[in-house]
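One structure is given here, and the rest of the page talks about it.
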Amino acid sequence: MKYLRHKVRILVTHQVQYLKEASKILVLKEGHVHAYGAYTQLVNGGIDIGSLVKEMENTSVLSEEGVVKSEQDNNIESQKITASHAEQKQNFTAPLTNGVPHEGSKQIGCSNKEIKYDEEDRLSGSVNAASFTKYFKAGLGWPFLIFFLPMNSIVLIMTLGSDYFLSYWTNKEQLIAESMMNMSESNTIEETNSSFIDVTPSDDLLDRTLNIYIYSGLVIGMFVGVFLRSFFFFWACILSSRGLHKNTLWAVIRCPMKYFDFRPAGQILNRFSKDLSVVDEKLPKELLDSLNIVLSVVGLLALVASTNLWLLVPAVLFMVFLVALRCIYLPILCDLKRIESIARSPVLTHLSVSLQGLITVRAFESQDFFMNQFDELQNFHTSVWFILSALKRGFVFSLDTISAIYICFVSLSFMGSQNTLVGNLGLAISSALSLSGMLFWGVYQTTEVQNQLISVERLLEYCDLEPEAPWEIEGKTPNTEWPEHGIISYEDVSLQYSEYEAPVLKNLTFCIKGSEKVGIVGRTGAGKSSLVSSLFRLTEPSGNIRIDSLNVKELGLRDVRGHLSIIPQDPVLFSVSVRINLDPYNQISDEKLWTVLEEVQMKNIVHQMNGGLDACLAEGGTNLSVGQRQLLCLARAILKHSKILVLDEASANIDLRTDELIQELIRTKFHDCTVLTIAHRLQTIIDSDRVMVLQAGHLKEFDEPHILLQNKNSLFFNMVQQMGQNTSHQLQQIAEYAYLQKRTSMGKLKDESH
């Protein structure tokens, strides 16, 4: 009304007390336009807005956290504004924040727009052998190597044996042909000496048919062995990849909530998308090639040496040059690969954040700004990727050059030799070519394996994350009826989110009786949501928290959280069926589910969905309104019926009718439960048994609302007074009535006991 008075202002609200200030009012009902016009036009037209506005003026209460009076006129209630009530840093029960910068943040981008992202841990140099070992331990472990190495050796023997037998057969046929030629010319028999084998016409020559059978058997055995070896190896890699994914996911799920507050979603998505894709698809193939090449090179060296022992000299020199070249390139390649992986995370983070806030981006016409940010991040990632690709090409070219020199040397070494058999010559050259190719490919593949193992290394980093407390502690499991009374006792409890930050809860000591309804109020940063965080042990506090005399710090997290229920401000629903959202463990009958849905007035809505209880919800339940999602969360809490229920500003973002329905259901369904309500509207907690007032992490007041309102110096009294004269008077009447009702009920109980 003041700073934006020159702009078109569209207010979407269920706070109808503001309608008098609007130039035009659009009333929607079930998705259709119910009425449109100025306030006076609608009232004169018979639209029952006047009574609704009057009802809201008498009963609606603004947030005690956000009402700020105008400095110019403290008596003008229309100039009050509502400030944000979300505890930015302390609220661990709200949706996880993405891309929160901190002291270790890096910056990527150009001069005007700097994109900040959390610094990822980055190792340097080559990947150590521990990553390789842990990779296979995630699958079959050592039994894999014990079985695979002998199998690979058998395949290698068959492969080299087929080459050797083919050379042997070729030499035999050459000697037979020469012998027959000499016999036809001179009819004399001469001895034929060979460095490879001695043959005379009187020898029993192997039958050619038998040779065919032997060679065919070796080739078929080789193919069968290669198939079995590859099948077993890839099966083992699938198990390793599956185990690594399971361990990584489990480690992330078991992380404390504070880990996600300073961890952009892009970093986590990067590990579970690109890195896991490399482990699933690229690493097994390149790892199999590398392991096979190592064994093949040994056999090829033996074949080369069998034809010409002096060829081992250039072969060894060739290997030395290749290994030296690998040692030069490998550390640089690994470091660039790590940088490339890290540079990809901000791209994914930016994409995720942009999609989540797409409506806001378009509303402010900031498409170009976000596109420029994305281009800067993508350019940085592309530049690193291009340098990495260029370095790989240079490495391959160097390997090709050394390989060509070696092959030329081997070929020239046979020139001028008159006594060399054709089979030996062919075997030497083919072996040299194979050895050159094997060494070239082996060095390249082992380098690639090192690069791909960086993805394993990055996943293993997540496997080593510090977890929360154990989910279950042997010998400390409470009975199934715990908690029987719902008594909550805090004994000198303090909480801080890191050792570098000040405590957000400071020496809290109080006791909440069983079945008591307690409202928790306080300004932003007072520690309301941190109190919930300590109760659920989302962050480990100091001091002792007892529920029915059991210290929750001595119990497993599953035992503690499994016996508590919470309805958060932002309802949490998963992209699964309605049934699983209500009953994750499939322990409740359909009849009971429909009964509870009817109680929360969601039966017709769910029944109209395609599939009913088996209908799948959209991501986050976006195919339902906020109020409907909140009602489903309430239905889930009713089905669980824990003895302790926490409402973390559950009615902050919903309309009055839904709020009244939720409050009524809580009063009826949880009348025998301990209910803690973090208040957004004072009306929701004014009739509570007691009210807890927090300020800067300290417990300032804790008593019945009516008693606190009798003290004009109390913080709670000041909060109520800020609501305006009419509203504060209404709240005081409600508190007094609840106080008298409670005293009357207690008096009746005493009379009955006597």
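Backbone N, Cα and C define each Cβ position, glycine as well.
Remember, TrEMBL labels are computer predictions, not curated facts.
Among the features that TrEMBL reports, domain 'ABC transmembrane type-1' is placed at 212-451. The domain 'ABC transporter' annotation in TrEMBL covers 488-721. Annotation comment: TrEMBL describes 140-161, 212-238, 287-305, 311-334, 384-409, 421-444 as transmembrane segment.
Highlighted: of the candidate stretches 140-161, 212-238, 311-334, 384-409, 140-161 has the greatest count of Cβ pairs under 8 Å to the transmembrane segment (287-305). Outside the transmembrane segment (212-238) by six or more residues, the chain places 136, 139-140, 144, 147-148, 151-152, 154-155, 158-159, 161-162, 165-166, 169, 283-284, 287-288, 291 with a CB less than 8 A from a CB of the stretch. Confidence across the domain 'ABC transporter' (488-721), taken as the mean pLDDT and rounded to a whole number, stands at 88.
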